[in-house]
Protein chains: 2
Amino acid sequence: MAVNLFIPSESDIHPVAGVKIGITEAGIRKANRRDLTVFELAPGTSVAGVFTTNRFRAAPVQVCEAHLATHDGIRALVINTGNANAGTGQVGLEKAQQTCKEAARLLNILPQQVLPFSTGVILEPLPMDRLLGALPAAVNDLSDNNWFNAAHSIMTTDTQPKIVSRQIQLSGKTVTLTGISKGAGMIRPNMATMLGYLATDAGIAPELLRDMCRLAADRSFNRITVDGDTSTNDSFIIMATGQSGVTVESIADPNYNTLLDALVDASRELAQKIVRDAEGATKFMTIQVDDAGSSEEALKVAYAIAHSPLVKTAFFASDPNLGRILCAIGYAGITDLDVTKLRLWLGDVLVAVDGGRNPDYQEEDGQRVMQEAEIVVRVSLGRGQLSETVYTCDFSHEYVTINADYRS
Amino acid sequence: MAVNLFIPSESDIHPVAGVKIGITEAGIRKANRRDLTVFELAPGTSVAGVFTTNRFRAAPVQVCEAHLATHDGIRALVINTGNANAGTGQVGLEKAQQTCKEAARLLNILPQQVLPFSTGVILEPLPMDRLLGALPAAVNDLSDNNWFNAAHSIMTTDTQPKIVSRQIQLSGKTVTLTGISKGAGMIRPNMATMLGYLATDAGIAPELLRDMCRLAADRSFNRITVDGDTSTNDSFIIMATGQSGVTVESIADPNYNTLLDALVDASRELAQKIVRDAEGATKFMTIQVDDAGSSEEALKVAYAIAHSPLVKTAFFASDPNLGRILCAIGYAGITDLDVTKLRLWLGDVLVAVDGGRNPDYQEEDGQRVMQEAEIVVRVSLGRGQLSETVYTCDFSHEYVTINADYRS
């Protein structure tokens, strides 16, 4: 059951001019579910992407990186669920290339203008006959208004579709941003997550879009974790079609900051939706680390808390067992941490000061905060001025059930 | 339910000449259970210890380090369960010192000759009245033959006592090694674990014992993990009474290697018992990483596998979902890892080669190994000659139950 995950109604989703989407059932892993999605992008669309740092980068990730480097305009995306095409060696690579080739033939473009994506089980062969056999139906389904269906058809263990859509005004014109994401387990993105797609009808110069894509990922998908497992297939893509008539060429452009903020905001919402729908999650936790000497040490502390199974199970139990948070801060790897300068808040309750329990702390105050579905844990390290925020969830019986059952 | 945890019968436990142990019920957290243990050591005993690297080092850990540095011969240990006296600031420190003072008075020694240990809940005040009130009863109980009772009385969420006892021959004389350990959750020792005590009636020069204690910890307690949570109270102590008449003064001593091997072996068994009795464990996993370029990178890979919730839940389900292991290897942090040189075995089954699935791998072979209670995962990195081995367990519903319920 997702934690406060807002699903807009289909009528509130704004199509993005220059983006068509088609969906079909390929039966890659399971019958009777939509599992194949094709994006067609208008000529002139800028596309940028960031990908997993896992050394077992999936075959489609490797092909994406190669195709994005060729500088031929990207014109299509092909996304399958049910099989990750990861840990599949040379054969897997050839299958990802074959997918691009067949999509290119159907859309009358070049294979290197196609980006392939796969998500699902690792180390199993991708059933190409089913994928290629279903591609024509997905292409036939291409239409402007298919975002809601796409959000469904890229799901795996997700219980809810994840979609954001908003409009901003730039230079007196309406600019649309619409995006989808998926992911619920194997989530500790380290470049992007598995998978996020955000499109806008603003035009953005290709080099600039690459930088903006990385900035957006670093403030959104790269700040969430469910289980600390960085996936082999993480991919986050921004597409800018330019069809709104508004184009941003450089960071000096007066619209740059507004557009970047809108992209970051939409990306963060897509990323947070993954945490809200994380496998077995019952609580959405924001871990904010302030007064750090560096962003790196703030992130070390935030991730130590966010990954501790003991902290996560205590939140599941709504038990303010706060010593577990102090313990995680203590082993986060800041070897010269002076614990007497540290302060810890649970929501608005000051829990620890001077290396120990706040003398005024009352267990019932901690208990009150722990009952909430959304909880902010705030740590002040007393070492400097830098802050970082990470989003995560609790650790429940349902997580074990899902991950002990998934696949078998 | 512990995994193949051998409990010797009481009659098979050899007392260590020069060590007396007393136990009582102090009611520190729960009534009607033994929770206070005192060791008395004969004059001339060498004592060495290694302690947690957690920056929130518990008060007793800080006092242990100070007392071990004073060079007055350590003559007693006081161990309470039910409360960790961690995250308790200056007041906690004074309580640990007060414990030493009272034990010293009862035993007619100096306070700095006492080492205090606490284990249990963090961030709660240690009830000194109960602890001090019960100390005389523990001292009255001191006897040669109390190891089995001590193994019980230091338990917290442990389901089984952990004890090893063995004898070796050195220079024609019988030398005894007997030890106990405890711990089941918050286990990723990074110096030692919470808690291990090993005594021998061999004599060992104090400086040499410090080195041997560190070597033994590095090959045992520092190679286990349950949940990646390095505790605030980890402590591992070796005591060498010299009462066997055999003394080792330097590494040039002909008995040095035999004695070191015996100490390492006993330490490793005590450490493995913690994993066998880990919270909710149903499987004991040995993660062996071979052909690494450095010990450090071998450990990175071994711990990435050992800490992955997805790997651990797959083992719980006896599901050979081996892509999850490849994924963990891929994000372990070796940025120049060439996955095409990597091989992965599950037990005796070669699962992955050349960056992908072994073409000869049959799912039923993986399934067969996964049914076992003890499983070896072996990775060859193809980068060098170094190996490291880490011991861990699976991740079950019971882990969540225990940690969502513990304390509340």
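Placed from the backbone N, Cα and C atoms, the Cβ positions cover glycine too.
Annotated features in TrEMBL:
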- A:T193: active site, nucleophile (ACT_SITE)
- A:T156, A:K182, A:T193, A:E279, A:N403, A:S408: substrate binding site (BINDING)
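Every protein chain considered, the tally of other Cβ atoms within 10 Å of the Cβ of A:N403 (substrate binding site) stands at 28.
A distance below 8 A between C-beta atoms marks none of the binding-site residues from A:T156, A:K182, A:E279 as lying next to chain B. Other C-beta atoms found within 10 angstroms of the C-beta of A:K182 (substrate binding site) number 28, with every protein chain shown included. According to DSSP, A:N403 (substrate binding site) sits within a helical segment. In the three-state DSSP scheme, A:T156 (substrate binding site) is classed as coil. Annotation note: A:K182 (substrate binding site) sits in a coil segment as assigned by DSSP.
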